[in-house]
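Pasting in a structure now, in structure tokens, and then I'll have a few things to ask.
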Amino acid sequence: MPAVLDHLHVLKKEKNPADTAEKARQKIASLDVCNVYAIIFGCILGIFALRYIVLQVQYFLLRRQQRARLAALPANEKKGSGASSIYSAKPALLRASDRIDALFSKPVGVWPVASMTWFRFLLLTAIISINIIACLVISVSTRGPVTVNANAARAFSRRCGRVAAANFPLLYSFAGRNSIIHILTGFPYQEIRYYHKVIGTICFLQCLVHTLAYTGYYVQVKGVESLHEEYTEAYFKWGIAAVVGGLVSCLVGLRAFRNRWYELFLISHIIGAVLMLAGSWYHRPIMVPWVYAAVAVWVFERAARLTLHVANRYQSRLVMHNPMLQAEASVCHGAIRLSVPFPSGTWEAGQHAYISFWGSDLLRRPHLYGQSHPFSVANVPDSSAASGDHHLQFVLRIHNGVTRELASIIDRKTAASKSTSCPITISVEGLHGRGPAADEFDNVLLVAGGSGITHVTSILSSVCMKADQGICAASNVKLVWAVHHLDQAQWIDSTLDDCRARADRAGLNLDVQIFVTRNDGEGSGRSTPTGSNTPSVSDELDEKKELPASSSTHIGRAAVHRGRPQVGEVTREFIAAASGRSCVVACGPEALAEEVRAVTNVLAAPTLEVQIAKFEC
Ligand SMILES: Cc1cc2nc3c(=O)[nH]c(=O)nc-3n(C[C@H](O)[C@H](O)[C@H](O)COP(=O)(O)OP(=O)(O)OC[C@H]3O[C@@H](n4cnc5c(N)ncnc54)[C@H](O)[C@@H]3O)c2cc1C
């Protein structure tokens, strides 16, 4: 009884003017700190945005100059060293920027951040230390009824909550493929995703510390009864909802969960994000402006995606008149080949689109119906094709979700119609992303694993097509592709044949190396006849299905090896042997992509352009 009275006494005291003044003082201090926090990050991002705008303007002017200089060159000098000298000449500002980029792309080289680039290390250090400082800079003096320690605990827990809220706009700005950060700074999507995860984790930890520290304060200073009393209040429950929202978002974002149940991850992540904002909104009015800001950037991201959707000439036509398309699909050795009519022919190498599948056959599995999945376009518009006769080519590796169901539908349909392909109903959203302008480099190395080949074949096609047209600096192109089974090379056989023919005509040195990593004596599925009369890569593949262990052979003019490629070594050797400027693009499984990244980070130089693409969202 005396204890309860004691607590009531403290509670009563809390309401006294001194305590109210202390609370107001802390509120103002937190507001100041959060404003400074937002200004600091605004400035950091502002610098990156300014840099990006200046560079874009410089590149725009440079491209104009380059086009004019190329046009003035005699036809026989527009490729190879002639074009190379034009593409390599850059104004001082761009040269300086290349040098700085190369410097910051180097790995730190010191444990435990040995493989981290200097850029990531410095930005990460800035984010973490600014957050720690913002949470810890509190006034421990007291003018209220509580002790200094209790006041400090309360101020610290409040501050953590406030700084967590101040992180909301930043966290949501780093989310999504069309994030405002990507648009303003040009940061690649994978880099943006990384900081989204970092800020998300920090934000959740701050919410957690806020909850635990406040709970501790109540238990220690005000008593369990008063904590129980608080619990009955709506603001408290909304606070818990916000923390649970953050926890759910973090947990489902873990790679193991995301890879296994992607659709569930997506839905839960969004629900968690909404819960976090709604919970904070109702938790404390002081959080409302930060919630507004976060909602604004989220709406911006969605609006940007919609705008992209509608702005695309082809897409707008689809949206207005015919959102559904009939694509031609066939199953080919563990993948689905999809040919989608795209009359305008306006896409670039290295782009991807979101495809949704709508056929009535899919209604048997309603959860798959209309799901939207990203896939890279495996080709570029064929300059020799008649206008309006362009097709986007996709290769969809068969996994366990919609792609598996689709494959069995296509199998059934083609078996019934005794044909090799059948129409399926889809809709396409995009196109997103971009590959590097590989044709402007003297040497191009393309490294792919499995279905990662789609991203690099569009780049390969672009280089070979431009070489064929006589407007390409590249003279040396190497493709290294790791596949499980030899017959998977048929996914892109016609593209490879086409590239080979163009490279031969243009005198481009094209070296294709295929590595077959599994030796289980079985192919990856039913072979699909190509219907072509001329011998192609696929014809020879059929003849050489069984590759003897530890051997090398040739198919078409591709060298085929048994075993895994040492992609790090290949990359190192390629760059060491290259003269002039080099471009390296890698796309495939995490290990392969990271091996290439590790080597290119060490060898980072102004003459080296690198793109590491991953099929991860
Ligand atoms: C930019 C980008 C380009 C891609 N290009 C290609 C390509 O050209 N060819 C290709 O075969 N694959 C590509 N992928 C991967 C492809 O999106 C997934 O393999 C596909 O969505 C799997 O569908 P599913 O339902 O059959 O997979 P599931 O069996 O459900 O899952 C298999 C794997 O795919 C991931 N996945 C599932 N749904 C999605 C989704 N909506 N978005 C992203 N990942 C998902 C899962 O996390 C899991 O790791 C690309 C991914 C990205 C992000």
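A Cβ is built for glycine as well, from the same backbone N, Cα and C atoms used for every other residue.
Heads up, here are the entries from TrEMBL:
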COMPBIAS  525-537  compositional bias 'Polar residues'
DOMAIN    311-438  domain 'FAD-binding FR-type'
REGION    519-556  region 'Disordered'
TRANSMEM  33-54  transmembrane segment
TRANSMEM  118-140  transmembrane segment
TRANSMEM  198-218  transmembrane segment
TRANSMEM  238-257  transmembrane segment
TRANSMEM  264-283  transmembrane segment
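Walk me through where these features lie, including what they touch and how far apart they are.
Residues of the domain 'FAD-binding FR-type' (311-438) grouped by DSSP class, helix first, strand second and coil last, total 34 helix, 43 strand, 51 coil.
Same-chain neighbours of the transmembrane segment (118-140): 25-26, 29, 33-34, 36-37, 40-41, 44, 103-108, 148, 151-152, 155-156, 159-160, 163, 166-167, 191, 194-195, 198-199, 202, 206, 209, counting only residues six or more beyond its ends whose CB sits under 8 Å from a CB of the stretch.
Counting only same-chain residues 6+ beyond the ends of the transmembrane segment (264-283), those with a CB under 8 A from a CB of the stretch are 165, 168, 172, 175, 234-235, 238-250, 252-253, 257-258, 290-291, 294-295, 298.
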Any residues 6+ beyond the ends of the transmembrane segment (238-257) with a Cβ under 8 Å from its own?
197, 200-201, 203-204, 207-208, 211, 264-265, 268-269, 271-284
